[in-house]
């Protein structure tokens, strides 16, 4: 796998980088059934996965995330394919690199386990670390430019993911949490605030911290999260908002925020401190292309 010409962390110092958009909804458009295991497509339908990556790269994305969000042992066990964890993650990294090319960057994507750790849930810390390790090892072997631990809601789970990565890999770690809005304000499902997350990321020495996905969030809420993080950390920030709230239509999850409307917020994200901007659930190559246009106008 070819190494990119420019170091990712150096590139972050020079310009705002554009990440890609959603993978899950793009897979559904190509035939993945709702709730099925998208990571299996890295082996079964690699051309379809590669085509999604290529569409984002052609739209102007600098960063391509691997199709491995649910590639940990816990989630794959739910699909009876945990034994393929390393292979599916390694193949995912290969496909992303093929699309990213020599000048693009690949982020090995690690999502949450989908279960709580003790004492709230049944998973021990050791089990959680072990569940993330095949992903971390695959990305280390595939030489991804960084590893993104994303859509986290619990600090203890994020700690386990970081530990798993550091057990086997030396690449930069990016950390992204998902927030929601309630009468209590903006917080994760487990009660962590943007300030809590930013301080945690700083203490653990990750390279980038930010937010993605979310529940009941409007675009101005993502701006507020960035601003609150910036108040307590000097780390580079990233933001990947959803394309509005999800709606189930004909068995498929649909997001209806247009690329034009979302792109109107790019300037605000950057002003709030974002060094990486991308999209999460429901965003498409059309969204990323419009984000690219706005960022290029600022350059």
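Just so it is clear, glycine is given a Cβ too, placed from its N, Cα and C backbone atoms.
Keep in mind that TrEMBL annotations are predicted by a computer and have not been checked by a curator.
Listed by TrEMBL as binding Zn(2+) are 280, 281; the candidate from 171, 213 that the record includes in that site is 213. The domain 'Hcy-binding' (5-295) scores a mean pLDDT of 96 in the predicted structure.
Within the same chain, residues at least six positions away from residue 213 (Zn(2+) binding site) with a Cβ under 8 Å of its Cβ are 150, 151, 178, 240, 242, 280, 281.
Annotation for the binding-site residues 280, 281: lowest Cβ count within 10 Å of the residue's own Cβ, 281.
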